[in-house]
Amino acid sequence: MTNVVVIGSQWGDEGKGKIVDWLSERADVIVRFQGGHNAGHTLVVDGVSYKLALLPSGLVRGKLSVIGNGVVVDPHHFVAEVEKLRAQGIAVTPDVLRIAENAPLILSLHRDLDALREDAASNSGTKIGTTRRGIGPAYEDKVGRRAIRVIDLSEPETLPAKIDRLLTHHNALRRGMGLSEISFNALHEELTSVAEHILPYMDQVWRLLDEQRKAGARILFEGAQGALLDNDHGTYPFVTSSNTVAGQAAAGSGLGPTALGYVLGITKAYTTRVGEGPFPCELHDEIGKHLSTVGREVGVNTGRPRRCGWFDAVLVRQTVKTSGITGIALTKLDVLDGLDELKICIGYRLDGKEIDYLPSSQAAQARVEPIYITLEGWKESTVGARKWADLPAQAIKYVRQVEELIGAPVAMLSTSPEREDTILVTDPFEG
């Protein structure tokens, strides 16, 4: 038995929700370790759909769910998401949900700054494509050592000084942007009004997880977004504001790296991306439209359409290395049904030279051209397949080619949005 880290191996939206739900039924503890409420996913349990963005997926199954210190927590969204789950009959109490006392808070001033910057960048043609939910500015305050954290809400005697320090920074920014300043009283009221809703869930998460590990609990670390959006290893600056690679599961939860275990990379059978940034295999033709339409490629949280393209083995192979992926869960294979031929990117051409990696340079990333191999497609349906024998021969060939090119085996194969439509090759908890 081992613990499991689940991450997206591409730019997010790989289908983590279904796989995490499948695994969470077998887990004892589910942990969020990075990001905020900027990446949503939908779980379908007994025919009921649950849309989550901040809360761990294990809540819908009554499992102990933990929001780690690596997550930035919007208290207003937290309350709204909890209330929505309760309205759907899910019990959300401190018995099943814990929040790290050292998790930073996202406040209204962070959302304001995020939106203002994105608007300014849009006007200058340099926008990143953020969700405008304050994630980036909240992480900036964390790194700048001025963030207000969950535990600060429990110490009213020291909170005023922390508010002053935060406002000194933000009001200087607002003055420079021609905006009115935020008053001490307004921010103090915002914080005190949410304290009673957050503090009952506060805990020393690092200690809790260590105790659970020693007791033999199966711990599932639930990553958000994708490794190619990692602040260090992604397509910088078109990335998120946190680390999304598997190593962050340790830093963002307080449980040491030796406890992480199996790393499962959720990998879509083609490639999608939301927002701005390089996308070497992007398709603007009828195939791209097919992938978008059949794959229903629209963001759960934002409603933004996703850009679509062929499978990029170069990128996933790189993620396998940077995240130490043990095996992948290949999703949305059924979206490829009916295509006459399929292409897989096996390398890039940069200024006339062939390379087998994505360069770090933003300019070089924009210039790379994909090198493809072409495989025969299949006409049969793979929808609902639950064993290898149900798959067309060409579909199996496609899967084997992906394994060979990325240097990692397929541990799970998803053939529809339904959780039961999954071919299990290797149980990550037993891996």
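Heads up, residue numbers simply count up from 1 along the chain you see.
Backbone N, Cα and C atoms are what each Cβ position is placed from, and that goes for glycine too.
As given in Swiss-Prot:
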| type | residues | note |
| --- | --- | --- |
| BINDING | 12-18, 40-42, Arg306, 332-334, 414-416 | GTP binding site |
| BINDING | Asp13, Gly40 | Mg(2+) binding site |
| BINDING | Asp13, Glu14, Gly15, Lys16, Asn38, Ala39, Gly40, His41, Thr131, Arg145, Gln225, Thr240, Arg304 | IMP binding site |
| ACT_SITE | Asp13 | active site, proton acceptor |
| ACT_SITE | His41 | active site, proton donor |
| BINDING | Val300, Asn301, Thr302, Gly303, Arg304, Pro305, Arg306 | substrate binding site |
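Feature annotations (Swiss-Prot) mapped to structure.
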residue: Gly12; record: GTP binding site; contacts (Cβ under 8 Å, 6+ apart): Ala39, Ala224, Gln225, Gly226, Leu229, Val274
residue: Gly15; record: GTP binding site; contacts (Cβ under 8 Å, 6+ apart): Ile266, Lys268, Ala329, Thr331, Lys332, Ser414
residue: Arg304; record: IMP binding site; contacts (Cβ under 8 Å, 6+ apart): Val274, Gly275, Val298
residue: Pro305; record: substrate binding site; contacts (Cβ under 8 Å, 6+ apart): Ser292, Glu297, Val298, Gly299
residue: Leu333; record: GTP binding site; contacts (Cβ under 8 Å, 6+ apart): Ala269, Thr382, Ala395, Tyr398, Val399, Leu413, Ser414, Thr415
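For the recorded positions Lys18, His41, Arg306, the greatest number of Cβ atoms within 10 Å around a candidate Cβ is found at Lys18. Gly40 (Mg(2+) binding site) sits 10 Å from Gly303 (substrate binding site), taking the Cα positions as reference.
Looking at Lys18 (GTP binding site) and His41 (active site, proton donor), their Cα atoms lie 9 Å from each other. Other Cβ atoms within 10 Å of the Cβ of Gly303 (substrate binding site) number 7 in total over all chains. Under the three-state DSSP scheme, Leu333 (GTP binding site) falls in the helix class. Just so you know, the Cβ of Thr131 (IMP binding site) picks up 24 other Cβ atoms within 10 Å once every protein chain is counted.
For Asp13 (Mg(2+) binding site), the recorded positions whose C-alpha atoms fall inside a 10 Å radius of its own C-alpha are His41, Arg306, out of Asn38, His41, Thr42, Thr131, Gly303, Arg306.
Taken residue by residue with DSSP, Pro305 (substrate binding site) is part of a strand.
The binding-site residues shown are Thr131, Gly303, Arg306; of these, the one with its CA atom nearest the CA of Thr42 (GTP binding site) is Gly303. On the backbone, the CA of Arg306 (substrate binding site) and the CA of Thr131 (IMP binding site) stand 14 Å apart.
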